[in-house]
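Pulled from TrEMBL, these are the features on record:
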type	residues	note
TRANSMEM	29-52	transmembrane segment
DOMAIN	43-292	domain 'G-protein coupled receptors family 1 profile'
TRANSMEM	64-83	transmembrane segment
TRANSMEM	103-122	transmembrane segment
TRANSMEM	143-165	transmembrane segment
TRANSMEM	206-228	transmembrane segment
TRANSMEM	240-263	transmembrane segment
TRANSMEM	275-294	transmembrane segment
Amino acid sequence: MKYESYFNASGAGFYIQGLSEDSELRFPVFVICLCVYFSILSGNLMIVIIILANARLHIPMYIFLMNLSAVDIIYASNILPNLMSIMVTKNNAVTFTGCMTQMYIYIGLTCSEVLLLEAMAYDRYVAICHPLRYLLLMSMRHCAGFATASWTFSFLISIGHLVLICKQSFCGSHRINHFYCDIAPLLKLTCSNTFDVEVMNYIEGVLVTFHAFVCIIVSYLFIISAILKIKSSEGRRKAFSTCSSHLTCVIIFYGTLFILYMRPSSSYSPERDKFFALLSGVLIPILNPVIYSLKNQEFKIGFKNL
């Protein structure tokens, strides 16, 4: 707790509580975080390398998957190394600039993943519902446009959150009851009116998260309708197998996202939010390589060729 008096006096930064303050748990949790981080890096880097090295995989479905893997790599690198550093050095201090940077990158990457999942749903919709027009509607030019727009729009709209949070006045212990800098625990430390930040949360939620969610649901309604019209059971099975991986990730991702952010800050629960933040930040990046790639025959061939 030696940092709290410093932060109270200077207001120069924050004190991140981390996952646990029990000194006996620091080493086991560090080892777990290290293994998880290595798994995320190795799995997602393997996806990127295989797709780049195999010309057969240079199609929209795998280009979006490669971008999703890049998001997961940066996502994990934005949080886990700092968390492991806290466990090893026992230095929980973070500067105001460092905290704001981590929060901005986190929000931007979350929005990017939302939009990439939407683009992947549209890709599956075109492939199943309009197979004869697939090459026209999902050309590499369109694919590059979707991917670029996902990254650009996400980090532009996240600037609004950054500006509003930076304008807040923070008081008290400056002790963030979380394992990284996020909006909800930061708002618990502010002395200012948080109405504008909460309005921004809902605006961004509607423009990005809810909009993408509706588009994904509509896409899958058309996809399911098209699959049910296929006469052979084998054809229906193959058609659905191309969407099952994406649908699984959408359910997990949106489930945790709605629980974490689509609610007023007054209902914030530190322990619950830590659990779902871990679920979102660790489980999804680990599962993505497994459910998207290892169960995919074309990707297995690309892996063997590499």
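Please read every residue number as a count from 1 along the shown chain.
Even glycines carry a Cβ here, placed using N, Cα and C.
Annotations in TrEMBL come from automatic prediction, not curation.
Residues 60, 63-64, 67, 100, 103-104, 107-112, 114-116, 119, 122-123, 183, 186, 196-197, 200-201, 203-204, 207-208 of the same chain, all 6+ positions outside the transmembrane segment (143-165), place their C-beta atoms under 8 angstroms from a C-beta of that stretch. Counting Cβ pairs under 8 Å that are 6 or more residues apart, the transmembrane segment (103-122) and the transmembrane segment (240-263) reach 3 or more and are in contact. Ranked by number of Cβ pairs under 8 Å to the transmembrane segment (275-294), the listed stretches 29-52, 64-83, 206-228, 240-263 are led by 240-263. For the transmembrane segment (29-52), the list of distant contacts is 19-20, 58, 62-63, 65-66, 69-70, 72-73, 76-77, 80-81, 83-84, 87-88, 282, 285-286, 288-290, 292-293, 299, 302-303, 306: same-chain residues at least six beyond its ends, Cβ to Cβ under 8 Å.
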